[in-house]
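J.: Got a structure for you, questions after.
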Amino acid sequence: MSFTGSLALAGIGGLVYKFGGGQSYEKLPYVNIPFNQYLDKVYKKHFSKVMSRTRYVLMNFFKDAFTGGAFMYPFKGFLEFNTNKSSYSTTMLGILSSYLIMFALVSFVYWATITPMYTAFLIVLGPIGLFIAIFHSFLQANVFTLLFMRLSHFNNHLVEVCLEKNGLEENLSEVKPIKYYAPINSIYFWAYYFPFKLVKYMLGLSVLFVLLVISFFPLIGPILFHILISPFITQIYFTKVLRLQNFDNIQRRENIYLHAGQYASFGFLAGLIESVPILAGFAISTNTIGSVLFNLDHPMVPENLVETQAEIEAAPQDINQQPNQ
């Protein structure tokens, strides 16, 4: 439960949110490209896009990290909550309760399985070693708990509460961003989409495994884990508010590369705060509020994402056309 169980629950929660309601589904325009044009219009184009993203991130990362003061917004989220407790308390209590229940379950299993091994190794240091083993157990149980809490998006309602509290007048329930997908019966799915996703997720799991191994280092490991995944933390927090701003799934993904420095900056502070057990249960809510405030103060408009729009316009536009078989 403390390891594989948390990962399984986190994965299920993420999939439910990713393919859940509140979205309109359209085929990726690439599915209409004839197979004899794939070399130029699919493979070379995607490779060129990856190289362009890499260059852009490397050239703008550090400048972007301090643009807009993204690292201050986890604190601004706390101040917003402190100023308007009555508006946020009910939703925040539900999130905190879910965190505490999950943290208790993970801690129980962790203490029954992994803590004895740490104790056996560190007991040679005497009382200090015992203290390190116990304290690290809480830190790492918090890591596994947050994997589930973040990917399950328990904080989504809080995003809507914060937007409404800050004067959003449109009916949020009517906003349905597009989710582009590749039909399983299309050439594009088998010739590019599935192999690419398979490699991507295998590499992702490998990186996650390495990061989790790092988190096993006593005391410093869990903190390093949160620092290293800081852009991913921000991606999760920004997903809901960007959906409500009508960003489709391609634009949300592109946004990570266009603002990689801001994602890392916000996630760095949010991750450090969430490294503290129990406090993390409150920080999930205040960081959520902070992510909304950042997007309100520095709005990101889908139409300005030139590369994303060019990517879609470069392909045939009749997305209702039957894909080549």
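Glycine residues also receive a Cβ, built from the backbone N, Cα and C atoms like all the rest.
When I checked Swiss-Prot for this same protein, it listed these features:
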TOPO_DOM  1-91  topological domain 'Cytoplasmic'
TOPO_DOM  113-118  topological domain 'Extracellular'
TOPO_DOM  140-208  topological domain 'Cytoplasmic'
TOPO_DOM  230-263  topological domain 'Extracellular'
TOPO_DOM  285-325  topological domain 'Cytoplasmic'
TRANSMEM  92-112  transmembrane segment
TRANSMEM  119-139  transmembrane segment
TRANSMEM  209-229  transmembrane segment
TRANSMEM  264-284  transmembrane segment
J.: Count up the helix, strand and coil residues in the topological domain 'Extracellular' (230-263) according to DSSP, in that order.
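T.: Residue counts in helix, strand and coil order: 29 helix, 0 strand, 5 coil.
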J.: Going along the chain, which residues at least six beyond the ends of the topological domain 'Extracellular' (230-263) come within the CB cut-off of under 8 Å?
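T.: Same-chain contacts beyond the flanks: 22-23, 53, 56-57, 60-68, 70, 150-151, 153, 155-156, 159-160, 163, 172, 175, 177-180, 270-271, 274, 287-288, 290-292, 294-295, 299-300, 302, 305, 307-308, 311-312.
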J.: Going along the chain, which residues at least six beyond the ends of the topological domain 'Extracellular' (113-118) come within the CB cut-off of under 8 Å?
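T.: Long-range Cβ neighbours of the topological domain 'Extracellular' (113-118): 2, 132-134, 136-137, 140, 218.
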